[in-house]
């Protein structure tokens, strides 16, 4: 071990870090010989796709690696200590006081049974600092510093009473409590809506400047990198691909891999599209749905409008995007269109049939005409059925003979770019992108007229995302499908949609062609959404 | 909160009334005629005597009017008169209830305290020898029939070792009073309370352990570690507290059986409790007494369900108590 302390300006220096995975994995090391310096007062972004080892690097800094992952070699030097050489007590002293961490999921990263203020106070308690009343006072001050509304009230609330953005602010406040020199942020904005994401990114930026902290920021999103990074490190399969100042690396990447990643990021300017003039496949008129929760003998129920007077038409061969933030009602509208939930008011016409009036057998038959591709490629396929069974089940249920269904399934597997041998295998043997292809083949097996894609590419890495989007586009043209494309990602919507409907609180606030929407957003909310999309600076340049 | 409790109590009364009506018809469905049983025990098969018995206890009236009369008396908190024991039902139950509550209450405490403690211990040392020993023991108690454990306990601790009395509530005829009597009852209590408690303890051990292991994988535990908290604080404050939620649910269910759930144990240890009273009443077609026990135990279940919901609301701020 090199006993020399870090040179001035270097907050943390990672040297030749090698993290071993348990035997039998797809590779021996999660992180394989990674070295980098985190400078005081800078934000270093580690970027990579899933499985690149970026999150492992972050956790290694905190000594919070999963039990199965072991440090094979290397050093992490903070001041004059090698973090990897310290004992459990040493780690406890480091965590929170010298290095603090903010996690990805603000929904689950806070203890649901403890008040926010108590969880902040724990930070001081863990290191034996201050008296309980002082800790409470500091918690309020911290809540104020991260811009939480009503700091005195919010420290007494429980996590479930806060929004996602507020919880992440609380997490950041907690991390800053002991004024650590280093903040590790592991995808801190991935689970947030774009407008909230923009606010949190600004908050991290401001706090970092004010306190002159070093921030290690882990993300998969190049838009976020553009907005926040001083320096960038690109990881692939546990190895450093490229490292450099943000402007230089994003402007002129040297390595082919970085170039490919950047090229896969969907652009904000929609490609020119010819308007479709086909017949209307789906016509939705005055659709409303209100959820009522709670309410009892003496209590007023809480109502949430999932859809308010939603009307639109979807033409043959057209892709209509439904975009909005979480809770805007876009998924509810998709479910209403498929009649997976019953509307309170309004009608859905599918071609010449009134879908909202059908029942029993007629509804069951009509269902095959609209099919859905789901968000989560891991949860949406039955793990105990082979891919072949998953694809043929639908047609067989609708009366297609097994041999015909099989033939169709094999053809579809080819069309979505999978090997015929996939037929006999189980979903867990495939990657996320491949599973999404299986999901698409499953939907197409019923020869639908309409494909409803609910955040169908949101869980995928950018490069895979680009491939699946291209596949959807190709299949749409080939089968003359109409597509209802639900997404929170405006970049994705720009690339695949002919027209886009922006939703807020159950209402469509603006509906026009993609090109027009991005060029001339009229509604203030649409403008806010567009302004919040990360990484716009790179495109403007 | 007060509104919620009042509302639940009002609903509880309705549920109780429904239970009474149901039970009333249910026990009338069972074959057997109380008048005939009584006449048989008196050694008489005389038709006139049987008719007299029927008239005396209003068994000759149509069922609906019997029901109306019964509901009316229940509404005034009068549980009726046991024709077999020649005593008011309320008195009979009142005599037996303390013994049962003492037994089941102690068993309840033993099972929860030991169960959660051992479960937490096992979860904290998951995969080690201690963990295997604890879960193995729990499985043993869970899988072994209660009466067998009771009998074995009697053989070992009463017959062989002569440490503890094998049956009864207290030493009959010893004439203890005050402290000495309490000590005597406590000695008698040990074996039945332990055997009854060990079964539920096994359930709590397994549940606490599984629940803690599940919670320990959640994100907020990592957050707690990232603060630099010690492992003990993390286990107690963050993992155990969250893991106790399902245990509370189970404890609520078990609390509901506090009155009527110890028939087996009471029989083996000759414990003078409600369970044996109920069993005897069943064999003797003592309708009023049987219904009385049903009403009291149903009321207990309703009350403990309410208590569970209130406790749940206190330990989990996310819950808006179900209406």
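From the backbone N, Cα and C atoms, a Cβ is placed for every residue, glycine too.
Predicted automatically and left uncurated, TrEMBL annotations should be read as such.
Annotated domain 'ABC transmembrane type-1' per TrEMBL: B:97-312, in sequence order.
As annotated by TrEMBL, transmembrane segment applies to B:12-30 (among others). Long-range Cβ contacts of the transmembrane segment (B:12-30) within its own chain (Cβ-Cβ under 8 Å, at least 6 residues beyond either end) map to 63, 66-67, 70-71, 74, 285, 287, 290-291, 294-295, 298-299, 302-303, 306.
The transmembrane segment annotation in TrEMBL covers B:101-124 (among others).
If you look up TrEMBL, you'll see B:136-159 (among others) marked as transmembrane segment. If you look at the transmembrane segment (B:136-159), the same-chain residues 6 or more away from its ends with a CB under 8 A from one of its CBs are 118, 165-167, 191-192, 194-196, 198-199, 201-203, 205-206, 264-265, 268-269.
What TrEMBL records for B:185-205 (among others) is transmembrane segment. Sequence-distant neighbours of the transmembrane segment (B:185-205) (same chain, 6+ residues past either end, Cβ-Cβ under 8 Å): 102-104, 106-112, 114-116, 118-119, 122, 134-135, 137-142, 146, 149-150, 153-154, 157-158, 164-171, 247, 250-251, 254, 262, 265-266, 268-269, 271.
Same-chain residues lying 6+ beyond the ends of the transmembrane segment (B:243-269) with a Cβ under 8 Å from its Cβ atoms: 97, 100-101, 103-105, 107-108, 111-112, 115-116, 123, 146-147, 150-151, 154, 166-168, 191-192, 195-196, 200, 203-204, 207-208, 211-212, 214-215, 275-276, 278-279, 293, 296-297, 300-301, 304-305, 307-309, 311-312, 315-316. Look at TrEMBL and you will find B:243-269 (among others) tagged as transmembrane segment.
The transmembrane segment feature in TrEMBL is assigned to B:289-308 (among others).
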